[in-house]
(Lines of atoms letter the chains of each structure in order from A; the text may use other names.)
(Lines give C-alpha, C1' and ligand atoms only; values in the text may rest on other atoms or scores of the structure.)
Protein backbone atom coordinates (compact mmCIF):
# COMPACT_ATOMS: atom_id res chain seq x y z
CA UNK A 1 0.00 0.00 0.00
CA UNK A 2 1.20 3.50 -0.80
CA UNK A 3 -0.49 5.60 1.88
CA UNK A 4 2.21 8.26 1.69
CA UNK A 5 1.10 9.42 -1.76
CA UNK A 6 -0.95 12.59 -1.66
CA UNK A 7 -3.26 13.32 -4.55
CA UNK A 8 -3.22 17.06 -3.94
CA UNK A 9 0.49 17.08 -4.72
CA UNK A 10 0.17 14.96 -7.84
CA UNK A 11 -2.77 16.93 -9.21
CA UNK A 12 -1.23 20.33 -8.53
CA UNK A 13 0.14 22.47 -11.31
CA UNK A 14 3.25 20.87 -12.74
CA UNK A 15 4.84 24.30 -12.79
CA UNK A 16 4.10 25.31 -9.23
CA UNK A 17 3.91 22.00 -7.34
CA UNK A 18 6.35 21.34 -4.55
CA UNK A 19 8.68 18.45 -3.88
CA UNK A 20 7.17 14.98 -3.67
CA UNK A 21 8.24 13.19 -0.48
CA UNK A 22 11.15 10.79 -0.66
CA UNK A 23 10.85 7.06 -0.10
CA UNK A 24 13.57 4.52 0.59
CA UNK A 25 16.99 4.66 -1.05
CA UNK A 26 17.26 2.93 -4.40
CA UNK A 27 18.54 -0.60 -4.54
CA UNK A 28 22.06 -0.08 -5.89
CA UNK A 29 22.27 -3.70 -7.05
CA UNK A 30 19.74 -2.89 -9.78
CA UNK A 31 21.46 0.21 -11.16
CA UNK A 32 22.87 -0.34 -14.63
CA UNK A 33 21.27 -3.76 -15.13
CA UNK A 34 18.68 -2.92 -17.81
CA UNK A 35 20.79 -1.92 -20.80
CA UNK A 36 19.26 -4.66 -22.95
CA UNK A 37 15.93 -2.81 -23.11
CA UNK A 38 17.32 0.59 -24.15
CA UNK A 39 16.78 -0.13 -27.89
CA UNK A 40 13.08 -0.76 -27.23
CA UNK A 41 12.28 2.53 -25.47
CA UNK A 42 11.84 4.69 -28.57
CA UNK A 43 14.73 7.01 -27.80
CA UNK A 44 13.36 8.13 -24.43
CA UNK A 45 15.86 6.05 -22.46
CA UNK A 46 19.61 6.40 -21.96
CA UNK A 47 22.25 6.64 -24.66
CA UNK A 48 23.65 3.51 -26.27
CA UNK A 49 25.81 2.89 -29.32
CA UNK A 50 24.27 2.26 -32.75
CA UNK A 51 23.79 -1.53 -32.99
CA UNK A 52 24.22 -1.79 -36.78
CA UNK A 53 27.90 -0.90 -36.98
CA UNK A 54 28.62 -3.31 -39.84
CA UNK A 55 32.00 -4.07 -38.26
CA UNK A 56 33.57 -0.95 -39.82
CA UNK A 57 36.40 0.57 -37.80
CA UNK A 58 35.67 3.99 -36.31
CA UNK A 59 39.36 4.87 -36.59
CA UNK A 60 40.63 7.18 -39.30
CA UNK A 61 41.75 5.04 -42.26
CA UNK A 62 45.50 4.43 -42.42
CA UNK A 63 47.64 7.18 -44.01
CA UNK A 64 44.73 9.64 -43.99
CA UNK A 65 44.47 13.08 -42.41
CA UNK A 66 41.30 14.52 -40.87
CA UNK A 67 40.40 17.90 -42.38
CA UNK A 68 37.11 18.75 -40.70
CA UNK A 69 34.72 17.30 -38.14
CA UNK A 70 31.09 18.32 -37.66
CA UNK A 71 28.77 17.05 -34.94
CA UNK A 72 25.05 17.48 -34.40
CA UNK A 73 24.03 16.10 -31.02
CA UNK A 74 20.85 15.60 -29.05
CA UNK A 75 20.50 16.81 -25.49
CA UNK A 76 21.30 14.22 -22.85
CA UNK A 77 19.04 12.11 -20.65
CA UNK A 78 16.19 14.11 -19.15
CA UNK A 79 13.06 14.07 -17.08
CA UNK A 80 9.73 13.79 -18.95
CA UNK A 81 8.05 16.78 -20.51
CA UNK A 82 5.19 18.45 -18.66
CA UNK A 83 2.59 16.76 -20.88
CA UNK A 84 4.15 13.32 -20.53
CA UNK A 85 4.52 13.80 -16.78
CA UNK A 86 0.79 14.48 -16.47
CA UNK A 87 0.08 11.04 -17.92
CA UNK A 88 2.66 9.38 -15.68
CA UNK A 89 1.30 11.15 -12.59
CA UNK A 90 -2.27 10.15 -13.46
CA UNK A 91 -1.23 6.50 -13.57
CA UNK A 92 0.89 6.91 -10.43
CA UNK A 93 -2.11 8.36 -8.61
CA UNK A 94 -4.16 5.31 -9.56
CA UNK A 95 -1.47 3.02 -8.16
CA UNK A 96 -0.84 5.10 -5.05
CA UNK A 97 -4.52 4.98 -4.11
CA UNK A 98 -4.88 1.24 -4.52
CA UNK A 99 -5.97 -0.12 -1.14
CA UNK A 100 -4.93 -3.72 -1.62
CA UNK A 101 -1.60 -5.51 -1.42
CA UNK A 102 0.15 -5.50 -4.78
CA UNK A 103 0.83 -8.88 -6.37
CA UNK A 104 2.80 -10.11 -9.35
CA UNK A 105 4.78 -7.64 -11.46
CA UNK A 106 3.69 -4.68 -9.33
CA UNK A 107 4.61 -6.22 -5.97
CA UNK A 108 7.69 -3.96 -5.73
CA UNK A 109 5.27 -1.13 -4.92
CA UNK A 110 4.60 -2.69 -1.51
CA UNK A 111 8.11 -1.86 -0.36
CA UNK A 112 7.96 1.93 0.19
CA UNK A 113 8.45 2.69 -3.48
CA UNK A 114 9.83 6.19 -4.10
CA UNK A 115 8.20 7.91 -7.08
CA UNK A 116 10.95 9.18 -9.37
CA UNK A 117 9.48 12.65 -10.07
CA UNK A 118 10.43 14.15 -6.74
CA UNK A 119 10.26 17.79 -7.78
CA UNK A 120 8.19 19.06 -10.69
CA UNK A 121 10.76 21.79 -11.29
CA UNK A 122 12.86 19.05 -12.90
CA UNK A 123 10.34 18.36 -15.66
CA UNK A 124 11.72 19.01 -19.17
CA UNK A 125 15.21 19.32 -17.65
CA UNK A 126 18.43 17.34 -18.02
CA UNK A 127 19.06 14.73 -15.35
CA UNK A 128 22.13 15.65 -13.29
CA UNK A 129 24.06 14.55 -10.25
CA UNK A 130 22.12 17.14 -8.27
CA UNK A 131 18.58 16.20 -9.36
CA UNK A 132 19.00 12.45 -9.89
CA UNK A 133 17.03 10.12 -7.61
CA UNK A 134 20.23 8.21 -6.87
CA UNK A 135 23.74 9.67 -6.77
CA UNK A 136 25.06 6.43 -8.27
CA UNK A 137 22.88 6.79 -11.37
CA UNK A 138 25.25 6.34 -14.37
CA UNK A 139 22.72 7.62 -16.91
CA UNK A 140 22.37 11.31 -16.14
CA UNK A 141 22.50 13.71 -19.06
CA UNK A 142 25.28 15.53 -17.25
CA UNK A 143 27.51 12.44 -17.07
CA UNK A 144 26.67 11.43 -20.63
CA UNK A 145 27.74 14.83 -21.99
CA UNK A 146 31.00 14.73 -20.05
CA UNK A 147 31.72 11.18 -21.22
CA UNK A 148 30.97 12.29 -24.76
CA UNK A 149 33.50 15.11 -24.38
CA UNK A 150 36.18 12.66 -23.25
CA UNK A 151 35.35 10.35 -26.15
CA UNK A 152 35.56 13.32 -28.51
CA UNK A 153 39.03 14.21 -27.22
CA UNK A 154 40.17 10.60 -27.60
CA UNK A 155 38.88 10.46 -31.18
CA UNK A 156 39.48 13.99 -32.44
CA UNK A 157 41.54 15.78 -29.81
CA UNK A 158 44.37 16.43 -32.26
CA UNK A 159 41.94 18.55 -34.29
CA UNK A 160 41.73 21.14 -31.50
CA UNK A 161 45.27 20.90 -30.09
CA UNK A 162 46.31 24.09 -31.86
CA UNK A 163 42.88 25.68 -31.82
CA UNK A 164 42.37 26.79 -28.24
CA UNK A 165 39.52 29.18 -29.12
CA UNK A 166 36.43 28.03 -30.98
CA UNK A 167 32.63 28.14 -30.87
CA UNK A 168 30.09 25.52 -29.82
CA UNK A 169 26.47 25.97 -30.87
CA UNK A 170 23.24 25.07 -29.08
CA UNK A 171 19.56 25.77 -29.41
CA UNK A 172 18.14 27.89 -26.62
CA UNK A 173 16.30 24.95 -25.13
CA UNK A 174 17.50 24.73 -21.53
CA UNK A 175 18.34 21.04 -21.73
CA UNK A 176 20.22 21.43 -25.02
CA UNK A 177 22.17 24.34 -23.55
CA UNK A 178 22.94 22.31 -20.40
CA UNK A 179 24.21 19.42 -22.51
CA UNK A 180 26.46 21.75 -24.48
CA UNK A 181 27.81 23.30 -21.29
CA UNK A 182 28.46 19.92 -19.66
CA UNK A 183 30.22 18.83 -22.86
CA UNK A 184 32.39 21.96 -22.72
CA UNK A 185 33.13 21.28 -19.04
CA UNK A 186 34.18 17.76 -19.99
CA UNK A 187 36.74 19.12 -22.45
CA UNK A 188 38.65 20.68 -19.55
CA UNK A 189 40.01 24.17 -19.03
CA UNK A 190 42.54 24.11 -21.87
CA UNK A 191 40.15 25.69 -24.37
CA UNK A 192 38.55 29.11 -24.67
CA UNK A 193 35.14 28.10 -25.96
CA UNK A 194 32.39 30.51 -26.95
CA UNK A 195 28.97 28.94 -26.43
CA UNK A 196 26.56 30.38 -28.99
CA UNK A 197 22.89 30.03 -28.01
CA UNK A 198 20.68 29.99 -31.11
CA UNK A 199 16.95 30.70 -31.00
CA UNK A 200 14.54 27.89 -31.78
CA UNK A 201 11.55 30.26 -31.90
CA UNK A 202 9.64 30.38 -35.18
CA UNK A 203 10.81 33.97 -35.62
CA UNK A 204 14.36 32.63 -36.09
CA UNK A 205 13.34 31.47 -39.54
CA UNK A 206 16.18 29.72 -41.35
CA UNK A 207 18.85 30.89 -38.91
CA UNK A 208 18.28 28.06 -36.45
CA UNK A 209 19.23 24.52 -35.47
CA UNK A 210 15.53 23.70 -35.05
CA UNK A 211 14.00 24.41 -38.44
CA UNK A 212 10.75 22.55 -37.81
CA UNK A 213 9.87 25.21 -35.21
CA UNK A 214 10.09 27.80 -38.01
CA UNK A 215 7.71 25.83 -40.20
CA UNK A 216 4.07 26.98 -39.91
CA UNK A 217 3.16 24.24 -42.38
CA UNK A 218 4.41 21.54 -39.97
CA UNK A 219 1.57 19.19 -38.98
CA UNK A 220 2.06 17.25 -35.74
CA UNK A 221 -0.86 14.96 -36.63
CA UNK A 222 0.17 14.17 -40.18
CA UNK A 223 -0.40 10.58 -41.34
CA UNK A 224 -2.52 9.71 -38.31
CA UNK A 225 -4.69 7.64 -40.64
CA UNK A 226 -1.70 5.35 -41.26
CA UNK A 227 -0.67 5.16 -37.62
CA UNK A 228 -4.18 4.22 -36.48
CA UNK A 229 -3.91 1.00 -38.47
CA UNK A 230 -1.22 -0.31 -36.13
CA UNK A 231 -2.49 -3.03 -33.78
CA UNK A 232 -2.21 -1.83 -30.18
CA UNK A 233 -4.21 -4.63 -28.55
CA UNK A 234 -1.03 -5.60 -26.71
CA UNK A 235 -1.61 -2.57 -24.48
CA UNK A 236 -4.97 -3.86 -23.27
CA UNK A 237 -3.25 -7.19 -22.71
CA UNK A 238 -0.77 -5.54 -20.33
CA UNK A 239 -3.58 -3.80 -18.44
CA UNK A 240 -5.66 -6.98 -18.17
CA UNK A 241 -2.69 -8.99 -16.89
CA UNK A 242 -1.87 -6.47 -14.16
CA UNK A 243 -5.55 -6.06 -13.22
CA UNK A 244 -5.92 -9.82 -12.92
CA UNK A 245 -2.97 -9.90 -10.51
CA UNK A 246 -4.41 -6.97 -8.54
CA UNK A 247 -8.20 -7.10 -8.19
CA UNK A 248 -9.89 -3.72 -8.39
CA UNK A 249 -6.91 -1.85 -9.86
CA UNK A 250 -8.68 -0.96 -13.13
CA UNK A 251 -5.67 -0.05 -15.27
CA UNK A 252 -6.43 0.88 -18.88
CA UNK A 253 -4.62 0.64 -22.21
CA UNK A 254 -3.64 4.28 -21.72
CA UNK A 255 -2.00 3.39 -18.41
CA UNK A 256 -0.18 0.51 -20.08
CA UNK A 257 1.17 2.84 -22.76
CA UNK A 258 2.24 5.32 -20.08
CA UNK A 259 4.26 2.63 -18.31
CA UNK A 260 6.73 2.58 -21.23
CA UNK A 261 7.49 6.28 -20.77
CA UNK A 262 7.63 5.81 -17.00
CA UNK A 263 10.16 3.01 -17.52
CA UNK A 264 12.44 5.11 -19.75
CA UNK A 265 12.41 8.33 -17.75
CA UNK A 266 12.79 6.57 -14.43
CA UNK A 267 15.97 4.92 -15.71
CA UNK A 268 17.21 8.39 -16.72
CA UNK A 269 16.52 9.68 -13.21
CA UNK A 270 17.26 6.64 -11.03
CA UNK A 271 19.52 4.32 -12.97
CA UNK A 272 16.93 1.53 -13.16
CA UNK A 273 13.16 1.08 -13.13
CA UNK A 274 11.14 -1.77 -11.68
CA UNK A 275 8.27 -0.69 -13.92
CA UNK A 276 10.29 -1.92 -16.91
CA UNK A 277 10.00 -5.47 -15.60
CA UNK A 278 6.23 -5.60 -16.15
CA UNK A 279 6.69 -6.00 -19.92
CA UNK A 280 7.25 -9.18 -21.87
CA UNK A 281 9.85 -9.12 -24.64
CA UNK A 282 7.09 -9.31 -27.25
CA UNK A 283 5.43 -6.23 -25.77
CA UNK A 284 8.69 -4.29 -25.89
CA UNK A 285 9.09 -5.19 -29.57
CA UNK A 286 5.54 -4.10 -30.39
CA UNK A 287 5.92 -0.81 -28.53
CA UNK A 288 9.28 -0.13 -30.16
CA UNK A 289 7.90 -0.64 -33.66
CA UNK A 290 4.99 1.64 -32.86
CA UNK A 291 7.55 4.34 -32.03
CA UNK A 292 9.39 3.62 -35.29
CA UNK A 293 6.15 4.02 -37.24
CA UNK A 294 5.21 7.28 -35.57
CA UNK A 295 8.67 8.73 -36.17
CA UNK A 296 8.92 7.56 -39.77
CA UNK A 297 5.60 9.12 -40.77
CA UNK A 298 5.71 12.28 -38.64
CA UNK A 299 9.37 13.34 -38.38
CA UNK A 300 11.09 11.14 -40.97
CA UNK A 301 10.93 10.09 -44.63
CA UNK A 302 7.21 9.30 -44.52
CA UNK A 303 6.35 13.00 -44.13
CA UNK A 304 7.00 14.94 -47.34
CA UNK A 305 7.79 18.23 -45.56
CA UNK A 306 10.70 16.74 -43.61
CA UNK A 307 13.23 16.60 -46.43
CA UNK A 308 12.91 20.35 -47.02
CA UNK A 309 13.12 21.09 -43.30
CA UNK A 310 16.25 18.97 -42.89
CA UNK A 311 17.81 20.62 -45.95
CA UNK A 312 18.20 23.84 -43.97
CA UNK A 313 20.93 22.29 -41.80
CA UNK A 314 22.26 19.88 -44.43
CA UNK A 315 22.94 22.71 -46.89
CA UNK A 316 24.90 24.54 -44.19
CA UNK A 317 26.85 21.38 -43.42
CA UNK A 318 27.82 20.93 -47.08
CA UNK A 319 28.85 24.59 -47.27
CA UNK A 320 31.15 24.13 -44.26
CA UNK A 321 32.70 21.06 -45.89
CA UNK A 322 33.44 23.05 -49.04
CA UNK A 323 35.07 25.81 -46.98
CA UNK A 324 37.20 23.57 -44.78
CA UNK A 325 40.48 24.82 -46.28
CA UNK A 326 39.70 28.48 -45.62
CA UNK A 327 37.89 28.18 -42.29
CA UNK A 328 40.11 28.56 -39.22
CA UNK A 329 37.70 26.46 -37.17
CA UNK A 330 38.05 22.78 -38.03
CA UNK A 331 35.55 21.36 -35.54
CA UNK A 332 31.87 22.36 -35.57
CA UNK A 333 29.82 21.11 -32.62
CA UNK A 334 26.06 21.70 -32.26
CA UNK A 335 23.36 20.54 -29.82
CA UNK A 336 19.63 20.40 -30.50
CA UNK A 337 16.61 18.03 -30.37
CA UNK A 338 15.80 14.57 -31.71
CA UNK A 339 13.31 15.88 -34.29
CA UNK A 340 15.96 18.13 -35.80
CA UNK A 341 18.43 15.25 -36.05
CA UNK A 342 15.82 12.98 -37.66
CA UNK A 343 14.97 15.71 -40.19
CA UNK A 344 18.69 16.15 -40.93
CA UNK A 345 19.32 12.41 -41.37
CA UNK A 346 16.28 12.12 -43.62
CA UNK A 347 17.63 14.78 -45.96
CA UNK A 348 21.09 13.22 -45.96
CA UNK A 349 19.53 9.91 -46.96
CA UNK A 350 20.97 7.88 -44.10
CA UNK A 351 17.42 6.85 -43.18
CA UNK A 352 15.95 4.68 -45.95
CA UNK A 353 13.25 6.56 -47.84
CA UNK A 354 12.67 3.97 -50.54
CA UNK A 355 10.59 1.51 -48.52
CA UNK A 356 7.75 2.91 -46.43
CA UNK A 357 7.11 1.17 -43.13
CA UNK A 358 3.94 -0.90 -42.92
CA UNK A 359 1.36 -0.42 -40.18
CA UNK A 360 -0.25 -3.79 -40.91
CA UNK A 361 2.22 -5.84 -38.88
CA UNK A 362 5.67 -5.72 -37.30
CA UNK A 363 8.12 -6.31 -40.16
CA UNK A 364 11.49 -7.83 -39.43
CA UNK A 365 13.53 -8.49 -42.57
CA UNK A 366 12.20 -5.36 -44.30
CA UNK A 367 12.54 -2.92 -41.41
CA UNK A 368 15.71 -0.85 -41.69
CA UNK A 369 14.56 2.03 -39.49
CA UNK A 370 14.69 1.96 -35.70
CA UNK A 371 14.06 5.30 -34.04
CA UNK A 372 16.06 4.61 -30.89
CA UNK A 373 19.14 3.54 -32.89
CA UNK A 374 19.38 7.05 -34.32
CA UNK A 375 18.16 9.30 -31.50
CA UNK A 376 18.59 7.88 -28.02
CA UNK A 377 19.05 10.58 -25.42
CA UNK A 378 22.49 12.09 -26.07
CA UNK A 379 22.55 11.00 -29.73
CA UNK A 380 25.40 12.31 -31.87
CA UNK A 381 25.91 12.46 -35.64
CA UNK A 382 29.46 13.14 -36.82
CA UNK A 383 30.45 14.19 -40.32
CA UNK A 384 34.10 13.43 -41.09
CA UNK A 385 36.05 14.94 -43.97
CA UNK A 386 39.49 13.42 -44.44
CA UNK A 387 42.25 13.31 -47.05
CA UNK A 388 44.11 10.20 -48.18
CA UNK A 389 47.03 10.98 -50.50
CA UNK A 390 45.55 13.40 -53.05
CA UNK A 391 41.93 12.41 -52.60
CA UNK A 392 39.36 13.62 -50.06
CA UNK A 393 36.40 11.73 -48.61
CA UNK A 394 33.33 12.17 -46.40
CA UNK A 395 31.58 9.71 -44.12
CA UNK A 396 29.09 9.69 -41.24
CA UNK A 397 29.47 8.29 -37.75
CA UNK A 398 26.22 7.87 -35.84
CA UNK A 399 26.30 7.03 -32.14
CA UNK A 400 29.83 5.59 -32.32
CA UNK A 401 29.26 3.57 -35.51
CA UNK A 402 30.29 4.31 -39.09
CA UNK A 403 27.08 4.32 -41.15
CA UNK A 404 27.94 4.48 -44.87
CA UNK A 405 25.93 6.21 -47.56
CA UNK A 406 24.44 3.20 -49.32
CA UNK A 407 25.18 4.42 -52.87
CA UNK A 408 28.50 6.14 -52.16
CA UNK A 409 30.83 4.12 -49.96
CA UNK A 410 33.76 2.94 -52.08
CA UNK A 411 36.35 5.16 -50.37
CA UNK A 412 38.64 4.24 -47.45
CA UNK A 413 36.65 3.21 -44.38
CA UNK A 414 33.53 2.98 -46.59
CA UNK A 415 33.59 6.73 -47.18
CA UNK A 416 32.34 8.74 -50.16
CA UNK A 417 34.79 10.53 -52.48
CA UNK A 418 34.31 14.27 -52.01
CA UNK A 419 33.14 15.19 -55.52
CA UNK A 420 30.84 12.19 -55.59
CA UNK A 421 29.52 13.33 -52.22
CA UNK A 422 28.80 16.84 -53.45
CA UNK A 423 26.95 15.37 -56.42
CA UNK A 424 25.04 13.09 -54.08
CA UNK A 425 24.17 16.03 -51.81
CA UNK A 426 22.85 18.04 -54.76
CA UNK A 427 20.50 15.20 -55.63
CA UNK A 428 19.32 14.91 -52.02
CA UNK A 429 18.30 18.58 -51.84
CA UNK A 430 16.96 18.79 -55.39
CA UNK A 431 13.33 19.84 -55.23
CA UNK A 432 13.53 20.91 -51.58
CA UNK A 433 12.62 24.45 -50.59
CA UNK A 434 12.47 25.05 -46.86
CA UNK A 435 11.31 28.66 -47.14
CA UNK A 436 8.52 27.93 -49.61
CA UNK A 437 7.33 24.55 -48.32
CA UNK A 438 7.15 25.84 -44.76
CA UNK A 439 5.88 29.34 -45.58
CA UNK A 440 8.66 30.74 -43.41
CA UNK A 441 8.03 34.31 -44.57
CA UNK A 442 4.79 34.31 -42.59
CA UNK A 443 6.73 34.13 -39.31
CA UNK A 444 10.25 35.40 -40.08
CA UNK A 445 12.35 37.53 -42.40
CA UNK A 446 15.38 35.28 -41.87
CA UNK A 447 16.01 33.34 -45.08
CA UNK A 448 19.44 31.80 -44.46
CA UNK A 449 21.32 29.88 -41.78
CA UNK A 450 24.21 32.21 -40.95
CA UNK A 451 25.25 31.58 -37.34
CA UNK A 452 28.16 29.30 -38.29
CA UNK A 453 29.66 32.25 -40.18
CA UNK A 454 28.68 35.36 -38.22
CA UNK A 455 28.78 34.15 -34.60
CA UNK A 456 31.98 36.05 -33.88
CA UNK A 457 30.32 39.37 -34.65
CA UNK A 458 26.72 38.69 -33.59
CA UNK A 459 27.45 36.70 -30.39
CA UNK A 460 24.24 34.68 -30.17
CA UNK A 461 22.85 34.51 -26.64
CA UNK A 462 19.11 33.87 -26.82
CA UNK A 463 17.08 33.50 -23.64
CA UNK A 464 16.85 29.90 -22.46
CA UNK A 465 13.50 28.12 -22.72
CA UNK A 466 12.34 25.32 -20.43
CA UNK A 467 11.70 22.91 -23.28
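For all residues, glycine too, the Cβ spot is worked out from N, Cα and C.
As recorded in Swiss-Prot:
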SIGNAL    1-17  signal peptide
ACT_SITE  75  active site, nucleophile
CARBOHYD  97  N-linked glycosylation site
CARBOHYD  162  N-linked glycosylation site
CARBOHYD  192  N-linked glycosylation site
CARBOHYD  250  N-linked glycosylation site
CARBOHYD  315  N-linked glycosylation site
ACT_SITE  338  active site, proton donor
CARBOHYD  356  N-linked glycosylation site
CARBOHYD  390  N-linked glycosylation site
CARBOHYD  439  N-linked glycosylation site
CARBOHYD  445  N-linked glycosylation site
CARBOHYD  461  N-linked glycosylation site
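Where Swiss-Prot records a feature, it is marked here on the structure.
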residue: 75; record: active site, nucleophile; CB count, 10 Å: 28
residue: 97; record: N-linked glycosylation site; CB count, 10 Å: 13
residue: 162; record: N-linked glycosylation site; CB count, 10 Å: 7
residue: 192; record: N-linked glycosylation site; CB count, 10 Å: 9
residue: 250; record: N-linked glycosylation site; CB count, 10 Å: 11
residue: 315; record: N-linked glycosylation site; CB count, 10 Å: 19
residue: 338; record: active site, proton donor; CB count, 10 Å: 21
residue: 390; record: N-linked glycosylation site; CB count, 10 Å: 5
residue: 439; record: N-linked glycosylation site; CB count, 10 Å: 13
residue: 445; record: N-linked glycosylation site; CB count, 10 Å: 9
Based on DSSP, name the secondary structure state of residue 461 (N-linked glycosylation site): helix, strand or coil.
-> strand
Of the glycosylation sites 162, 192, 250, 390, 461, which one sits closest to residue 97 (N-linked glycosylation site) when you measure Cα to Cα?
-> 250
Out of 250, 356, 390, 445, point to the one nearest residue 338 (active site, proton donor) in space (Cα versus Cα); all of them are glycosylation sites in the record.
-> 356
Spatially speaking, which of the glycosylation sites 356, 390, 439 is closest to residue 445 (N-linked glycosylation site)? Use C-alpha to C-alpha, please.
-> 439
Looking only at the glycosylation sites 162, 250, 356, 390, residue 461 (N-linked glycosylation site) has its closest CA neighbour at 162
Could you find out if DSSP has residue 192 (N-linked glycosylation site) as helix, strand or coil?
-> strand
Taking the Cβ of residue 356 (N-linked glycosylation site) as the centre, count every other Cβ atom within 10 Å, in any protein chain shown.
-> 13
Distance, residue 192 (N-linked glycosylation site) to residue 250 (N-linked glycosylation site) (CA atoms, angstrom) | 57
Work through the recorded positions one by one (75, 162, 192, 356) and name whichever has its CA nearest to the CA of residue 315 (N-linked glycosylation site).
-> 75
Run through the Cβ atoms and count how many others sit within 10 Å of the one on residue 461 (N-linked glycosylation site).
-> 12
